[in-house]
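Peer 1: The structure is given below, and queries will be raised subsequently.
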Protein chains: 2
Amino acid sequence: MVISEKQDEICEPNQDQMIQKLVFPEGILLESGKKIVPLEIAYQTYGQLSEAQDNAILICHALTGDQYVADVHPVTKKPGWWSKMVGPGLPIDTNKYFVICTNVLGSCMGTTGPRSIREDIPQPRCWGSDFPAITIKDMVNTQKILVDFFKIKRLFAVIGGSMGGMQALQWAVSYPEQVYSVIPIATSSFHSAQNIAFNEVGRQAIFSDPDWRDGEYWRYGVTPYRGLAVARMMAHITYLSEDALNRKFGRKLQESIKASSLPIFGEMFQVESYLHYQGSNFVRRFDANSYVTITRAMDWFDLSQTHDGDLVNAFAHVQSRFCVISLSSDWLFPTSRSRVIVQALNRVGARVSFVEITTDKGHDAFLLEEPDLDLTIQGFLAGIEEQRRLENHAS
Amino acid sequence: MVISEKQDEICEPNQDQMIQKLVFPEGILLESGKKIVPLEIAYQTYGQLSEAQDNAILICHALTGDQYVADVHPVTKKPGWWSKMVGPGLPIDTNKYFVICTNVLGSCMGTTGPRSIREDIPQPRCWGSDFPAITIKDMVNTQKILVDFFKIKRLFAVIGGSMGGMQALQWAVSYPEQVYSVIPIATSSFHSAQNIAFNEVGRQAIFSDPDWRDGEYWRYGVTPYRGLAVARMMAHITYLSEDALNRKFGRKLQESIKASSLPIFGEMFQVESYLHYQGSNFVRRFDANSYVTITRAMDWFDLSQTHDGDLVNAFAHVQSRFCVISLSSDWLFPTSRSRVIVQALNRVGARVSFVEITTDKGHDAFLLEEPDLDLTIQGFLAGIEEQRRLENHAS
């Protein structure tokens, strides 16, 4: 099934570092009916898989995340995006658990995506904007190929925040027997009109950059970095709460600026330079076609859609234990959306707990220092481990 | 003082319709110390000024508004932006009141702004991005020139929503004796970090459009319409509540789209085509340099700033009666900001009432059908009219 662990071959030269990946020559059949052949899955693992193969935790990343959960990112050289949560002795303890994280299908850190070389045509070239539309379910199906490859019959837990939470929910629905527990954080069972609207403005910012060139920018050695930076800056505002922005920046001016000089152009307020920094950092590591592809996958996400529009039907066959977590100041995926999930799970008699973390840090709080979140995840995992031990004992 | 009522001369040909304006050759001295000479003020009036000149209401428009409060807009051919509120027999009753609305300084519907011809240099040309930074106070000082020209000693009321509310508050602070009452709606005494952040992303969208050409686009016969449309689309999301978007659009698809076809490009969801419509309509009537100039004026707005950072000090000398109005689902200028205003006004013993209108329509609700808002404004105006009659009687 696997032909090689090979070095990355992607269109942009800055990405040519060694990325751990597996190649599945049979590819993947997408929800749309299209096929991607071959399929490459880039992933990182932490800890050791137990002999019983019962200690695996799959972590699903968000829109712009990647597989570098707990080790240094090869492009940015920054610590992994959840290195506060995952590691030896941390809430998701790699001394106990075998943690897997894959770069999602359609992304740009090694798993097949728009920046990958398309090999199913006579003259191999970048997928670019010919990359087919994918869904959250396609991302999950990709992860399942890797999980099956590792011969893991049942994941001890699937955990993810934001779009990662969508994948976690999809796992519970698509593969009920393969998921012992699920922790969906700051997420939703569907993308709302406002969510879609923000994504669409981000895409329009990319499309309006002349270097977008109908998605064929890689042919010309350019990248629509201005549009992508605008998309990122806007999205970044939605990841933070108003209170967090006020606390962090308020109306503080850049040191070089005097209010009396009243400039129009350039950075005046500290919040502006922070946004510019977010935008310019992002474009160094992310691909515009991936951004378009993945935001569309989020927009299409509605767990109830293939179940007569009823979330209760979608959850009818779940077997997992759930710990649904929301963040009180998250206005992108507010607590009310988690409540919808919990209510539907209750309706099907699922084992579900629900915690709203009180924080003023907004949607991004799940990535930040948030002791209550740590305690919640750690406690839930310890609880279900105990429960499983009792179950195994009884059987 | 006034030389002529003349036809408009602006850089863009589509704006050459007759706009009612006055020219003040002595110009205006800005807060920045710079001068704009001459100053043109475009305005509309409704109703008749009483002999005692005591029935004038100044209405201040928002960021992208204009002087066409209650008559057909000459470019869009649509009804005035507050034609539900202002007119004969309406809450702001033009059978009783003389209503004035000026296009704000820096805008693009006739009052001097970046699109105006600069006449203070040897070879007259567009101001473009050389237009100086302006403030909300500069906008108010411009309005005062017109109010003084009309020989109105005291405005019966100054009313405005959003940026219009900032102007209304500034009037009460700058010219306490000239304002009998103030109705600030859905506004704030300062622009927050989140407000600034959204504005900055809008500006960056404009700057990243190659047709921006450092603000000199008018020289080349182009306009950065793509960037301006992105800015408008993003801003438009902030004007609506999540509930309003869900109610109006939810996840409804365009009629031509089938969910199973999973397209990536083009309009899929109805909320997207709505946003595109908002964006493309806007660029037909608005100037990019004006957008930059006015958003900056909003960003600089902080009533407390020139009063030791204390809003109470800013309000120390107000004489007006206030009716502060907020909208329950407004997340751009939430009710908490109105409360800050009311608390500071209470602290100086001002006559202030406060109404939060319950609505799910978000910030834009003040422009929409909102019977409680009508009743609040009508009732307050009737009340202070009665009060003034008693005062006049007593004196």
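Yeah, the Cβs are placed from backbone N, Cα and C, and that goes for glycine too.
Automated prediction, rather than curation, is the source of TrEMBL annotations.
Annotations for this protein, taken from TrEMBL, read as follows:
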DOMAIN    B:55-369  domain 'AB hydrolase-1'
ACT_SITE  B:S162  active site, nucleophile
BINDING   B:R232, B:D364  substrate binding site
ACT_SITE  B:D330  active site
ACT_SITE  B:H363  active site
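Situate these features within the shown structure.
Peer 2: Proximity of B:S162 (active site, nucleophile) to non-local residues of its own chain (separation of 6 or more, Cβ distance below 8 Å) is seen for B:A62, B:L63, B:I185, B:A186, B:T187, B:L332, B:F333, B:H363, B:F366, given in sequence order. DSSP classifies B:S162 (active site, nucleophile) as coil under the three-state reduction.
B:D364 (substrate binding site): 22 other CB atoms within 10 A of its CB, across all protein chains.
When other Cβ atoms within 10 Å of the Cβ of B:D330 (active site) are tallied across all protein chains shown, the result is 29. When secondary structure is read from DSSP and collapsed to three states, B:D330 (active site) falls in the coil class.
Cβ-based neighbour count (10 Å, all protein chains) for B:H363 (active site) stands at 24.
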Peer 1: Do any residues at least six apart in sequence from B:R232 (substrate binding site), in the same chain, have a Cβ closer than 8 Å to its Cβ, and if so which, in order?
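Peer 2: Expected: B:T64, B:G202, B:Q278, B:G279, B:F282, B:V283, B:F286.
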Peer 1: Any idea what the Cα distance is from B:D364 (substrate binding site) over to B:D330 (active site), rounded to a whole Å?
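Peer 2: With the alpha carbons as reference points, the distance is 8 Å.
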